Structure formats: C-alpha cells, structure tokens
Amino acid sequence: YRFVKNCVLCLLCIRYSFFLKVICVFVCVIDPVCPPKCRCESNVVDCSNLRINKIPEHIPASTTELRLNNNEITTLEATGVFKALSQLNNINLSNNKITEIEDGAFEGAGSVNELHLTANQLDSVRSGMFKGLEGLRMLMLRNNKISCIHNNSFTGLHNVRLLSLYDNQLTTITPGAFDTLQTLSTLNLLANSFNCDCRLAWLGDWLRSRKIVTGNPRCQRPSFLKEIPLQDVALPDFRCEEGVEEMSCVPRPQCPSECTCLETVVRCSNKHLRALPKGIPRNVTELYFCVHLPLCLSSLRSLHGNEISELPDGIFSDVASLSHLAIGANPLYCDCRLLWLSDWVKTGYKEPGIARCAGPTGMEGKLLLTTPAKKFECHGEVDSGVLAKCNPCLSSPCVNQGICHSDLAEIYRCSCPPEFKGRNCETSLNACVSSPCVNGGTCQLDEEEEAAYSCACPLGFDGPTCLTNIDDCEDNDCGNGAACIDGVNHYTCLCPLYYTGEVCEEMEDVCAPGLSPCQHQSTCLITSTGPQCVCSPGYVGDDCSVDYDDCEENHCQNRAQCVDQLNGYSCSCPDGYSGQLCEVPPSPRSLCDLADCQNGALCVERAGRALCQCLPGFGGPRCEKLVSVNFVDRDSYLLLSDLKNWPQANITLQVSTAEENGILLYNGDNDHIAVEMYQGHVKVSYDPGSQPGHAIYSTETINDGQFHTVELVTFDQMVNLSIDGGLPTTMDSLRGVRTLNGEAPLYVGGRGPFQNTPTSSSLWQIQNGSSFHGCIQNLYINNELQDFTKTQMKPGVVPGCEPCRKIYCLHGICQPDGAQGPVCHCQPGWSGPHCDQPAANPCQGSKCVHGKCIPLDLQSYRCECVEGYRGALCNQDGELFNPCRSHNCKHGRCQMSDTGDAYCHCEAGYTGELCDSECRGEPVRDFYQVQRGYTICQTTRMVSWVECSGTCDSGACCASQRMKHRKYTFECSDGRSFSEEVEKTIKCGCVGCM
C-alpha cells in the first residue's frame with residue numbers, strides 16, 4: 001500500500017514538475033559596476049574564494065584580468081560570456097573542480113593571452129575546449145587528471161609559447177600532438193607517469209631536436225625503464241607487447257556497459273535497472289528507460305483514505321481492465337489538471353460518487369463524479385502544501401548548502417558537503433567549516449587531532465592561514481633604476497622615463513614617429529639622457545617649438561621697422577632710405593630723379609642734362625626700345641604682327657654675321673616672301689603659291705662679321721634689293737602675279753612655325769632653312785624703328801649685338817657675357833674656340849662647382865661632390881654635419897654618445913657594431929630544476945631567467961652577457977631539500993666562444 005502511494009506521488013512529481021518553473025525577467029538599463037560579491041579594481045575583477053559554481057554575469061566590458069580561482073566550478077558552459085570582454089587578457093580558473101569544458105566556452109576570448117586551469121579535474125583535452133582563444137600565449141594545465149594528449153588536442157592555439165602539463169596522469173602522447181603549437185618555446189612534462197612503449201618512441205627524438213622541454217621527463221613503465229629520462233632511452237627500447245593498438249590514445253565514444261549507444265541516442269530499456277547507469281555521454285540527446293512488462297492488475301483498484309491531492313493524466317491508461325476506482329477520503333485538488341480524472345470516472349461510472357474535492361477555493365466538498373467540467377479551472381499559484389507532496393524539496397530542508405533529492409523510501413534525502421552530516425546536513429564534521437584559510441588557501445584536517453587543521457596556500461601566499469603575500473621583489477631583475485611593484489606570485493617593474501620591457505631592459509626609440517618631441521622638421525638624436533633635438537634654422541627650444549625672433553638683435557638703421565623671417569629678418573625702410581639695413585640715406589634730388597630711364601639704363605648728368613646710358617641692345621632717349629638683338633640659338637626668331645601698309649613696304653635693317661646661311665626675314669604661309677643669307681649673299685625670293693616663284697641675289701657678300709645695311713623696297717609687284725646703299729637689284733617680272741596676303745605675320749631671324757618643316761624649303765625655293773645666327777639692329781619698316789620688346793621673342797634671342805658680332809661657333813652658340821668676352825658654348829662632343837673640334841675629354845669645360853668631373857662616355861659626365869655639397873653640379877649646400885650618416889644600423893637606430901661619437905643602439909634580440917647579428921634572449925619564468933643523480937630537484941617557487949638563442953659574427957657565440965647570483969631552496973622528488981646559489985642569465989649577447 002505504501003509503495004503504491006509513494007509511486008503515485010513520484011509519478012505526479014515527474015509528470016507535473018514543469019509547473020514549478022517560475023520565470024522572472026528583470027531588464028536593467030544600468031551597466032553593473034561589479035558582479036555580486038566580487039571585487040573590482042583597475043580593470044581587475046576578483047571573484048575568487050566565493051564558492052561559486054559558475055562564471056558570474058554582468059562582468060564589466062573593460063575587464064583585463066578575471067580571477068575565478070578557488071571556487072566550486074565543475075563545468076564551463078558555452079554561454080558566450082566572453083564575447084563582450086574584448087579587453088580581457090588573463091583568466092585564472094585554478095583550484096576549482098572543473099571536469100568538463102563545453103565546446104565554444106571561450107568563444108570571443110581572442111584577446112586572452114594567459115589561461116590558468118591548474119588544480120582542476122580535467123581528464124582529457126580536445127580542440128573544441130579552447131575554440132576562440134586564438135591569441136593565447138600561456139596555457140597552464142598543471143595538477144589535473146589528463147592521461148593522454150592526441151594530435152588535435154591543441155588545434156587553433158598557434159600563438160601558445162608556454163604549455164605546462166606538470167603533475168598530470170599522462171601515459172602517452174600521440175605523434176604530432178604539438179605540431180599545431182607553432183610558436184611553442186617552453187613545455188613542462190614533469191611529474192607524469194609516461195609508459196615508454198612503441199607509441200612514445202617519437203617523443204624522445206622530438207624533445208632532443210626542439211630543446212624546449214623543462215627538465216627531464218622520465219619513464220615510469222615498463223619496469224626496466226623506470227626513472228630513466230625519456231630523452232635518454234634508445235629507440236629499440238620503445239617497444240609494445242602484441243595486441244597494443246598504436247592509436248589507443250584517440251578518445252573513444254562513451255557508453256554505459258548496460259546500454260547500447262548510437263551517436264547521441266542511448267537505449268537502456270528492459271534492463272531491469274534500479275538507478276541511472278554510470279558513463280552516460282555528456283552529449284546525449286535521447287535517453288530511453290522504457291519497461292514493457294504486462295500489468296496484472298484486477299478490475300478493482302482502491303486508493304481510498306490516502307493523502308492524494310493530484311493524479312497525472314493517463315496514470316491508468318495501461319490498466320485496460322480497471323472498472324472501479326476507490327479514491328474517496330483523499331484531499332483532491334480539483335483544478336484544471338484534475339479535469340481528466342472527472343471525465344474518466346464519468347465514463348462507465350468508475351467512481352461511485354464518494355470522492356470529493358478539497359480545493360481550490362470554491363470547489364470544497366464538490367463531488368468528483370457530478371461536478372460540471374467547466375468548474376475545473378486553474379487560477380493563480382497552487383498551494384505549496386499540495387506541491388510539496390510531489391516535491392518535498394520545495395521547503396528546502398537541507399541546510400549548510402546541502403543538496404535535496406527526492407527519495408521513494410525516505411521522501412527526501414540530503415547530499416551534504418564533506419564537512420557536514422545529518423538528515424538535513426545540520427551537524428558539523430571538522431574545523432575547516434569556518435573557512436579559516438584566506439587568499440584561496442585550502443583547509444586540510446589533521447588526521448591525528450580532530451580540531452586541528454592546516455592551510456595549503458596557493459602560489460604567492462604564506463603563513464598559517466595564507467595571510468602573508470610573499471614579497472616577490474626580494475629577488476627581482478628590474479634594471480635601469482626601475483621600481484619593483486610586488487604582486488601575487490609575480491612582480492612588476494615600474495620603468496623610468498625612456499625605458500621599457502618586462503624588466504625595463506630596453507631603451508625606447510624616443511625618436512620614432514609619434515614619440516619624437518622634436519618639432520618643425522628638426523633632427524632627433526637618441527642620447528643616454530633621452531632625446532636631443534637639433535633645431536632647423538630659425539627655431540629654438542628643447543623641442544624646437546619656439547620660432548626665434550630674429551628682430552631681437554636686429555641692426556636696422558634710421559628708424560627702419562624690423563620684419564621677422566624664418567632664420568633671419570629684413571628691414572622695412574622709411575621713405576628715401578635704402579640698403580639692406582636702410583643705411584643708405586636719401587640722396588639730394590638731381591636731374592636724374594626726373595629722368596625716366598627704362599630697361600635697366602643708368603642715368604648720368606652731362607653738361608646740365610640727364611642722359612640715359614642704355615644697356616646693350618636698347619636705344620631711344622629713355623632706352624625705351626630694344627633695337628638690336630643677338631640670335632644665339634639655332635631655332636630662335638622674332639615675330640612682328642600688325643604691320644601697316646604691308647606688303648607695300650620699305651624695309652631697312654643692319655646685319656652682322658659670320659655665317660653663310662640663315663633666314664633674315666620671312667612673311668607668308670602658302671605664299672611667301674623671304675630674305676635670307678645664302679653662301680654669304682643676300683637672297684630675296686618671292687613665291688605666290690600656285691604660280692612659279694622668283695628670286696634675286698646681291699652681288700656683295702656680307703658674312704665678314706661687320707655690319708651691313710640691307711634695304712628692301714616692295715611696291716606695285718616690284719622688289720628692289722640694295723646693300724650698303726649700292727646699286728639695287730630689281731625683281732620686276734611680277735606682272736599678273738597676285739599680291740601676297742597682308743594678314744600674315746613677319747618673322748625675323750627664322751621661319752617661325754615653319755622652322756622644322758622639312759618640305760617647306762624644297763617647295764618654296766628657300767636655299768637653306770636654318771635660322772639666322774648673328775646680330776640684327778635698327779630694323780625700320782616704312783621709316784618706323786621697330787621695338788623688339790613688342791615682338792613675340794623665342795628663347796635664344798638676347799639684347800645687344802656687339803659681343804657676338806665677330807665670333808663664329810660651328811657646333812655651338814655664342815654667349816656674349818663671358819668673363820673674357822663672347823665665347824662659344826659648344827654642343828656635347830665638340831670643343832675648341834669655335835666648337836669645330838671633336839672633344840677628347842667630356843670633362844673639359846665641365847661645370848662641376850664643388851666636385852670632381854667623372855666622364856661617362858665621350859660626350860657626357862657626372863659630378864662627384866665633396867662633403868658638404870650636393871646637386872647635379874655640386875653647387876648646393878649639403879646637410880649639416882651628422883656623424884650618424886656613416887652608421888647604417890640594420891636592426892637599430894644611430895645614437896650619439898656624450899662625447900659626440902655615433903653608435904648603433906640595437907633592437908631587442910640583435911647585437912653587433914651595426915646591429916646585424918641576431919642574438920635573442922627569451923624571458924622564462926618557471927621552477928628552476930637541477931639533477932641529483934636520478935633525482936629531480938626544483939625550486940620551491942618560480943624563478944625568472946633568460947635563455948639565449950641566435951647567431952653572431954664569426955668568432956663569437958650567442959651566450960650569456962650578464963649574470964646574477966641568487967640563492968634558492970630546492971625540494972627533491974625523494975623528499976630531500978637543500979639551498980644552493982644559482983647563476984642565472986639576465987642578458988644575452990655575442991661573446992667569445994668557450
């Protein structure tokens with residue numbers, strides 16, 4: 001009877017447990033400052049020693065370090081908690097009870113570089129555990145229960161440099177297990193039970209070649225290899241017994257021995273189980289415990305006189321022969337959940353009308369058989385007394401964090417913590433109940449004395465109750481005057497100005513872009529006291545930020561106003577004063593004050609008159625006209641437009657040349673009239689275009705370097721040519737020929753745009769198409785002196801005729817302003833006074849100002865500048881003297897010493913005079929180990945040192961350059977302990993090989 005009653009209550013509990021769920025949603029618009037009970041300071045969230053069993057919510061987004069050590073966490077669930085913590089770089093989950101890490105639990109933790117999982121209960125490692133930790137550099141898995149590492153255990157952790165598997169239960173490691181750890185530099189495999197059979201044969205060679213393992217991992221099996229360092233075992237000794245699978249390390253699917261499993265479906269039906277079997281996979285999605293046994297029940301079932309308030313729908317569905325049910329004298333709770341029973345008993349009158357309702361309000365005393373169905377309604381919450389019949393744990397009978405479980409025999413049962421006992425966990429068992437150990441210390445009872453205990457302190461703490469934070473600064477490597485800041489099991493170096501690095505060993509590149517204090521394009525130099533700025537001209541100050549006021553020490557005179565300029569000043573003179581410093585007083589007014597001499601002419605007083613002394617080539621009372629020009633380039637010419645009465649014209653000009661050929665005047669386009677030099681004679685040609693052309697020649701030659709007057713008169717289709725006033729030569733056979741186009745311009749000294757037209761000379765009877773080379777002066781057209789300043793003048797035409805009148809340049813151009821008078825400027829490859837001799841040396845007449853001429857071929861050269869000058873001709877001032885210019889530091893930056901000498905300051909990991917030798921020092925912080933025979937001894941706390949690796953120049957080796965001596969306490973695996981002074985490396989460099 002009691003079994004039936006309890007069975008019904010249990011069924012009710014299982015059937016209706018979902019009604020106990022209450023969902024409360026609170027929307028908070030304020031970002032929480034800190035999770036409950038945790039401590040938050042300086043972006044560090046400390047939730048240690050709180051006995052929590054999961055990662056708290058509402059962790060600030062700015063968190064950089066999350067401390068969850070010394071808690072009761074057993075499973076890391078994939079809740080996405082790390083997706084909002086983009087600045088997190090350190091997670092401490094040590095000293096928990098973690099047995100499972102769900103795939104994706106660390107999703108979003110890409111910024112984390114340290115993960116501590118020491119002292120947990122992990123028994124295996126798979127790649128999905130660490131998904132999302134792409135930036136991880138340190139992974140601590142010490143003191144777990146890991147028995148095997150396979151080749152996808154660490155997939156995706158390509159940035160891990162330190163991996164500690166110290167004190168696990170490792171027996172074998174699959175080949176290639178560490179291949180995905182591409183940057184691994186430190187590996188701790190000590191204190192493991194390696195079975196050195198054929199499956200581990202690869203590891204010995206791997207450890208010897210990589211040289212990254214800490215200490216000497218030892219074999220524990222087979223017996224003949226016990227305590228032998230794994231690296232010292234010969235390859236033939238790694239052997240397996242027959243039947244051992246080489247890939248036995250690969251995890252197999254988990255399934256209870258009593259059941260059958262297919263992927264995520266577990267079937268345990270008809271196995272006569274009395275409890276859930278052990279070993280059910282964690283990823284199970286379907287679980288079957290069906291029992292298909294015939295129910296041999298009579299047609300009459302009596303449940304009369306119990307305390308039944310609820311019966312789950314369908315409880316009698318398997319009892320097909322049941323025809324009468326006695327359920328009277330029970331406090332039935334007739335809400336909507338019992339409507340099925342009322343309908344069921346009305347079918348066939350299975351209940352005789354005795355059972356009555358006891359609730360809810362309004363249903364008291366009503367018969368189950370006759371009460372209408374619409375009265376069975378659900379309103380509000382069900383009375384806790386009714387629910388407690390199916391779930392006695394609702395009243396929370398278990399105290400002291402005991403966990404309540406329903407029990408068929410005892411109604412409920414409490415699972416007590418280790419330190420409590422009793423039906424409700426009310427009785428204390430040990431002295432550790434009060435948690436006397438602080439700072440994450442673990443309380444341990446004394447087996448001999450009941451009230452005694454001891455505290456096992458975490459790393460970094462000491463004392464009877466772990467209250468004392470060990471001063472890690474007692475043995476620190478902070479250099480260059482850095483201050484040591486003590487932490488928990490570590491210390492931090494507070495670097496002085498201009499230094500950086502873990503122990504302040506590196507000097508910052510204070511001259512790098514963004515860090516240099518020097519302004520206005522000044523030069524930054526690194527010295528032992530910091531950056532030094534060499535200011536650009538015009539700026540002063542430590543950072544060259546001050547524009548120096550050059551007017552503070554100005555020498556302007558006569559009340560002139562000083563105007564500050566960059567690296568100088570100028571004087572703004574008052575009216576009448578002149579000179580660089582306004583030192584020239586106004587001169588008394590003279591006749592020249594009123595003279596309007598133009599084009600650079602000087603005014604002189606002669607016989608009471610002001611006369612303008614014209615520069616070469618200019619004329620007129622005020623030198624206002626350019627009347628003589630020198631054609632020095634081969635392709636130069638002048639263009640005259642807006643000619644009056646053209647082509648009816650009287651043209652007179654004076655010509656001086658030593659050339660035989662050249663165009664003097666040219667007018668026209670498709671038809672033309674041209675005056676040219678031909679073999680020393682003057683030729684006039686007239687070409688009307690479609691009709692035959694005509695030409696006349698002077699009898700005189702005029703290419704003797706003297707000035708000759710050429711006069712040309714055109715009138716009524718007749719042309720007269722005379723030289724120096726002699727008898728004219730006439731062209732009068734132009735009757736019937738059409739006149740020239742009067743709108744075409746007149747070209748002087750060349751043919752203008754027709755200059756380089758190869759066919760024009762042959763078509764238009766021009767004997768030689770070259771431009772005129774010589775001087776032309778006093779050009780009159782219709783008795784009007786032409787002003788060459790009003791012409792369109794092509795480069796290569798210079799004012800004045802006198803200097804180049806008699807010089808002849810065959811392969812060059814006359815320069816009238818030479819120091820010794822007019823000279824020929826020869827084309828490349830030619831030399832001589834008249835540019836008529838092939839050049840033997842292109843450096844003859846070179847224009848290198850402050851440098852040496854270097855021939856390139858027969859016609860060209862380059863200038864090699866002396867120090868302090870630059871430019872193609874070495875005519876520009878070079879940069880200020882910079883001793884660093886000769887130092888090409890490959891992996892560093894040139895600096896100046898206090899004495900002004902230049903030297904290379906190398907980047908971390910490089911050395912040598914030019915920083916071209918790579919010799920790196922990798923910082924290591926771990927337990928220092930020594931060998932005593934077959935015994936391993938290690939320091940009682942972690943030690944920092946530097947391991948040297950790299951290459952140097954020939955004759956040198958990458959080794960310790962600076963050492964420190966420290967005394968440490970060692971504990972050995974055989975129980976012994978001793979103190980010994982250790983010499984450890986703190987700086988690496990290229991030194992002589994030993």
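Using N, Cα and C of the backbone, Cβ positions are placed for all residues, glycine too.
All annotation found in TrEMBL is predicted automatically rather than curated by experts.
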Disulfide-linked residue for CYS835, taking TrEMBL as the record, within CYS826, CYS848: CYS826
Second cysteine of the disulfide that TrEMBL assigns to CYS884, among CYS889, CYS894: CYS894
Cα proximity to CYS535 (disulfide bond), best match among disulfide-bonded residues CYS425, CYS495, CYS826, CYS874, CYS884: CYS884
Alpha-carbon distance [CYS906 (disulfide bond); CYS466 (disulfide bond)] in Å: 45
Among CYS495, CYS573, CYS874, CYS884, CYS894, which are recorded as disulfide-bonded residues, the nearest neighbour of CYS835 (disulfide bond) by Cα: CYS874
Helix, strand and coil residues within the domain 'EGF-like' (880-916) as assigned by DSSP: 4 helix, 12 strand, 21 coil
Residues that sit under 8 angstroms from CYS544 (disulfide bond) by C-beta distance, when 6+ apart in the chain: CYS518, GLN519, HIS520, SER522, CYS533, CYS535, SER536
The domain 'EGF-like' (428-467) - residue tally per DSSP class, helix then strand then coil: 4 helix, 11 strand, 25 coil
From disulfide-bonded residues CYS495, CYS843, CYS865, CYS915, the one whose Cα lies nearest CYS573 (disulfide bond): CYS865
Least surrounded among the disulfide-bonded residues, given as CYS425, CYS535, CYS623, CYS835, CYS843, when other CB atoms within 10 Å are counted: CYS843
By Cα-Cα distance, the member of disulfide-bonded residues CYS416, CYS457, CYS874, CYS894, CYS915 nearest CYS843 (disulfide bond): CYS874
